[in-house]
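Residues or ranges marked as divalent metal cation binding site in TrEMBL: A:His141, A:His145, A:Tyr162, A:Asp344. Under the heading substrate binding site, TrEMBL lists A:Tyr162, A:Val163, A:Ser164, A:Gly165, A:Gly166, A:Asp194, A:Gly209, A:Glu213, A:Asn315. Annotation comment: TrEMBL describes A:54-350 as domain 'Gcp-like'.
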Amino acid sequence: MVNLNAVAPGGGREYYVALGLEGSANKLGVGVVKHPVVGKHEGGDFSYDCESQILSNVRDTYITPAGEGFLPRDTARHHKNWCVRLIKQALEEAGIQNAAKDLDVICFTKGPGMGAPLHSVVVAARTCSLLWGVPLVGVNHCVGHIEMGREITKAVDPVVLYVSGGNTQVIAYSEKRYRIFGETLDIAIGNCLDRFARTLRISNYPSPGYNIEQLALNCKKKDTLLELPYTVKGMDLSMSGILAYIDNLAKDLFRDNRKNRQLFDRDSDEAKISVEDLCFALQENLFAMLVEITERAMAHVNSNQVLIVGGVGCNLRLQEMMQQMCQDRANGQVHATDERFCIDNGVMIAHAGLLQYRMGDFVKDLSETVVTQKFRTDEVYVAWRE
Amino acid sequence: MSEDVLAKVYEYLTPGLPVVPIAQGAEAVVFTSEKHPYLPNSGKFILKYRPPKRYRHPSIDKALTKHRTIGEARLLTKLFLIEGLKVPKLIACDAYNGYLWLEFLGEELPHGKGFSNLKNFLWMYATDDGDPYCSIVEETLKKVGQQIGLLHWNGYCHGDLTSSNIVLSRSGKNETSWQPYLIDFGLGSTTDSVEDKGVDLYVLERAIISTHSAHAEAYNEWLLKGFSEIYKRYGDAGEVKLKEVTKRFQEVRLRGRKRSMIG
């Protein structure tokens, strides 16, 4: 039996408060979450309904110039520069005067992610923990996304599509683990979109994927789709080949390579395909693959709910396609969140970390706070679910 | 199953051709029909339909439906020519619309135990009055192993081996010996890679463990026994290949499905 109230909140309070620090990629997020003590949590699996309140959710994104990606070293420097400021701002917005007394736990991202940025954030977490005497919890980034998505949408047991810059996975819960049913065999979907945006030299603000989505909306020739490789392999997919293919097309377009008859008309020598068409084709192709593997997983585990999490989950076209797929299945439902929770944030780390803390799992010794770049979703023991 | 799909099928078919939906997967819907699609014969036939998916762009959808239906039809035709291998007979294929007509196999098991696929068959013998270790079960499972052995030896993979994708058929009502048929080659492929074959065997093992856990050990042993028999028929070369496949199978099992799966 799951008992989420095993550990009592500190200072005789009627609620738990957690600070979450996230910095596994180019976003630095700090969030404060409050869970009230609820009687029903003592006797069963209500981890999707913690009645949590978000006291603050601040974020700063390291944005690189158009045509450039973020390097680990520079990203880590950005996080170091902003960490203290953001923590102060988050605590102030949450109305926490005395962190040592008012916080139950500090949660940080343990992995997966880029080594240097992860490391610079965990140093801040350790410092705060020692300064205020508050225990630490290391959280798996993917589990953070899943738990936050469940809490916001109240989806009890969905098939999860986790799509972001570093991960592409279809996940379903079974026997205390989030099991991976299908995933990418090479690069992540967000990575594919980001790198294509670099080739196009479009702005990285607010995010490359968002700008591709806007360009795709302006595509004039939506009914003649450019054909791209379609690489679903059972429940897995592969995206590096698609990227290489479309990258070459884009380069030929910019170089004005008239020999490429796929791009330039044989008679008039005019470009048949625009940047908008390329963006549209790329999105349609990639998202069709994602929805297909999600549908396979749903048929496999006999589920009718889907939860989309991760940065690419903000994409409205992806949400729309998922909606259409679910409408054609009996009682299908799609759950998605908006950019506050889809894009990496501190709140999700605080929320998932707090669940872990309430089950009595927190760091006993600082040697357990080592961050790791490789940390698979199914390595986490999900104590808070039946 | 949504009404739209049914309406589409009725619109496509010759009026008066009766079809009954029996199953829906992620990709296809399966119907049975009492009438042959183009001959005056009657009997029982299978119609496998891949409905268009609204979520994907029509041109992607068309290309995929065509590609996959043709792929499955080709595979079935090739497999049908292999001596000893039992797969359903392909009757007709309309790749552009995503329809496959196949021969119907199997029957209803006695005492309302359901359709005669391997899953229901094993469950029938595993209930109170049956003996899960009787010679009929052993014989049947060895035959299933032989079918998979033949498939692999000839350079093909099934891709989705489960006990519900194996149908048992017998010549008469009182016949005690069952002939297994492999069905649903939607994920099948032509391959010589040892990895694919190892994964194929592993997928089957997992399926047996999860659906027939009480007697899985014996069942898997018999399956492997049948599988090995085929390879051993081909002398030393067969032995070598068998060793490769079983070794890879062990490795796949150790690393779990694909990569590190803990727990």
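We number each residue from 1, going along the chain as drawn.
Cβ coordinates are placed from backbone N, Cα and C, and glycine is handled just like the others.
Just so you know, TrEMBL annotations are computer predictions that nobody has curated.
The structure displayed is predicted, hence computed values, not measured ones.
Structural mapping of features recorded in TrEMBL.
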residue	record	Cβ within 10 Å
A:His141	divalent metal cation binding site	27
A:His145	divalent metal cation binding site	31
A:Tyr162	divalent metal cation binding site	26
A:Ser164	substrate binding site	25
A:Gly166	substrate binding site	20
A:Gly209	substrate binding site	26
A:Asn315	substrate binding site	25
A:Asp344	divalent metal cation binding site	27
> Roughly how many angstrom lie between the C-alpha atoms of A:His145 (divalent metal cation binding site) and A:Ser164 (substrate binding site)?
Replying inline: 10
>> Using the alpha carbons only, what distance in Å do you get between A:Gly166 (substrate binding site) and A:Asp344 (divalent metal cation binding site) once rounded?
In response: 11
> Which residues, same chain and not among A:His141, A:His145, A:Tyr162, A:Asp344, have a CB within 8 angstroms of the centroid of the CB atoms at the recorded divalent metal cation site?
Replying inline: A:Cys142, A:Gly144, A:Ile146, A:Ser164, A:Asn167, A:Val309, A:Gly310, A:Met348
> Taking DSSP three-state, what's A:Tyr162 (divalent metal cation binding site) in: helix, strand or coil?
Replying inline: strand
> Of the binding-site residues A:Ser164, A:Gly209, A:Asn315, which one sits closest to A:Asp344 (divalent metal cation binding site) when you measure Cα to Cα?
Replying inline: A:Ser164
> Where A:Ser164 (substrate binding site) and A:His141 (divalent metal cation binding site) are concerned, what is their Cα separation in Å, rounded?
Replying inline: 11
> Roughly how many Å separate the Cα of A:His141 (divalent metal cation binding site) from that of A:Asn315 (substrate binding site), to the nearest whole number?
Replying inline: 20
> In terms of DSSP three-state secondary structure, what is the assignment for A:Asp344 (divalent metal cation binding site)?
Replying inline: coil
>> Measuring Cα to Cα across A:Tyr162, A:Val163, A:Ser164, A:Gly165, A:Gly166, A:Asp194, A:Gly209, A:Glu213, A:Asn315, which the record gives as the substrate binders, how far apart are the two most distant ones in Å?
In response: 18
> If you measure A:Tyr162 (divalent metal cation binding site) to A:Gly209 (substrate binding site) at Cα, how many Å is it?
Replying inline: 15
>> Looking only at the domain 'Gcp-like' (A:54-350), what is the model's average confidence as pLDDT?
In response: 94
